[in-house]
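Here's the structure we're looking at; comments come further down.
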Amino acid sequence: MAAPLMQKLSESLGSPEPAVRLILSILIGYPCAVVYRRFLFHQPATVLHLFHLFSGLALAAFNFGAQLYHSAVCILVQFLMLRLMGRTVTTVLSSFTFQMVYLLAGYYYTATEQYDIKWTMPHCVLTLKLVGLAFDYYDGGKEPSKLSLEQKSSALPSVPSLLEVAGFSYFYGGFLVGPQFTLRSYQKLVAGELTDCPGQPPNSVFPAMKRFGLGFLFLAIYTIFAPYYQDSYYLTDEFEAQPFWYRCVFILLWGKVMLYKYVSCWVIAEGVCILTGLGYNGMVDGKHQWDACANMKVWLFETTPLFGGTIASFNINTNAWAARHVFKRLKFLGNKTLSHVTTLVFLTIWHGLHSGYILCFSMEFFIITVERQAQALVRDSPQLTRLANSPLYPLIYVIQQFFHWLFMGYPLVAFCLFTYDKWLKVYSSVYFCGHVFFFVAYLILSYLRKALVPKTRTE
């Protein structure tokens with residue numbers, strides 16, 4: 001009976017059934033959090049682990065049916081690695097290799113030429129959780145003096161139980177779309193420590209509802225405008241027949257609307273974590289903070305005119321995970337650029353095997369490099385600094401935002417269309433304007449940095 005009901009609901013909403021199931025599953029996290037707060041907050045850890053385990057399994061079954069066994073297998077293997085191999089580099093490397101190979105094999109065998117909601121979607125979130133778990137367990141065996149403050153806060157003093165790892169992995173607030181959090185944070189949640197009033201459920205209803213309302217607003221915006229900005233429109237003769245300026249503006253607006261799909265899910269899921277207390281982040285300036293699980297800085301995302309600002313505001317937990325477990329652990333290379341490139345390569349592979357991911361992250365690196373050059377030029381040139389701080393700045397800001405969102409949407413074309421033949425068709429239709437723009441900008445900025453900056457420094 002559930003299947004026909006879901007089919008009717010998806011038809012009435014005009015959305016694919018898997019997408020409707022996903023949104024409902026994220027929303028179900030709120031009543032689960034209420035049950036935890038009202039009836040389970042003071043219960044023993046075993047009861048809480050079981051609640052998180054079976055609620056997460058129910059959501060997995062609701063969305064993916066019998067394919068939930070993929071997550072169960074990886075969780076069991078990860079636990080056995082920790083138990084049998086101990087706090088060794090071999091454990092970390094074995095965990096990384098097994099979990100990534102399993103994920104990539106899933107991508108390979110389930111891949112299509114369009115974005116599908118299937119078991120690999122939550123599994124990529126789980127992969128980072130389990131690999132991070134191996135790192136944290138390994139760090140727990142080091143001397144505290146050899147750990148950073150970040151590593152000290154997440155290091156595990158003892159091997160977790162299978163039930164603990166399962167509850168952590170299937171926790172309803174983060175199983176499907178994130179956010180990422182450490183097992184230490186989960187242990188504090190189960191121990192009742194993540195609260196602003198010790199011994200009682202946190203006063204987090206209002207902060208949670210604020211995130212829910214904001215996420216629902218973004219979901220409404222996406223639902224209203226998404227039908228007008230479909231990925232498939234790029235491949236039509238109608239799109240190619242449009243004027244050049246129209247195609248560019250379409251890329252700008254499409255990119256903005258498309259990202260709201262992710263923003264809405266992450267912000268709503270964050271509200272679930274806040275409601276349970278997992279989002280509690282201590283006190284700053286006498287105020288309780290609830291942003292420990294924030295995956296979006298919404299105000300920065302909406303107002304920044306910088307590519308770097310958008311990246312810093314988007315998918316924060318995944319970026320923080322990559323910085324903590326990939327970028328910073330490559331310090332031994334002695335080269336930040338090489339560490340950055342390696343981190344981007346990892347994120348590219350983690351997203352999937354399509355060529356569009358490779359192109360998207362390659363362009364991201366190049367765009368950020370050009371933007372940093374431009375910022376350095378403005379910073380080192382008194383004339384440009386005065387212009388940036390002049391009354392003309394509002395006009396500069398508007399122009400900057402236009403180019404910012406135009407060229408944010410530009411690499412996302414490859415990210416969303418996946419395959420070579422599709423994204424090449426779109427980029428050809430706009431004469432590779434983004435590629436040309438940033439290549440020329442890179443050459444000009446490199447010349448100006450050499451020609452103008454030394455003069456301004458000697459003046």
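Glycine is no exception: its Cβ is also placed from the backbone N, Cα and C atoms.
From the options 166-184, 261-279, 356-374, the stretch TrEMBL describes as transmembrane segment is 356-374.
Residues 306-308, 311, 340-341, 344-345, 347-348, 407, 410-412, 414-420, 422-423, 434-435, 438, 441-442, 445-446, 449 of the same chain lie 6 or more positions beyond the ends of the transmembrane segment (356-374) yet place their CB under 8 Å from a CB of it. Non-local neighbours of the transmembrane segment (395-420) in the same chain are 113-115, 231, 234-235, 248-249, 251-256, 258-259, 304-307, 310, 351-352, 354-357, 359-360, 363-364, 367, 387-388, 426-427, 433-434, 437-438; each lies 6+ residues outside the stretch with a CB under 8 Å from one of its CB atoms.
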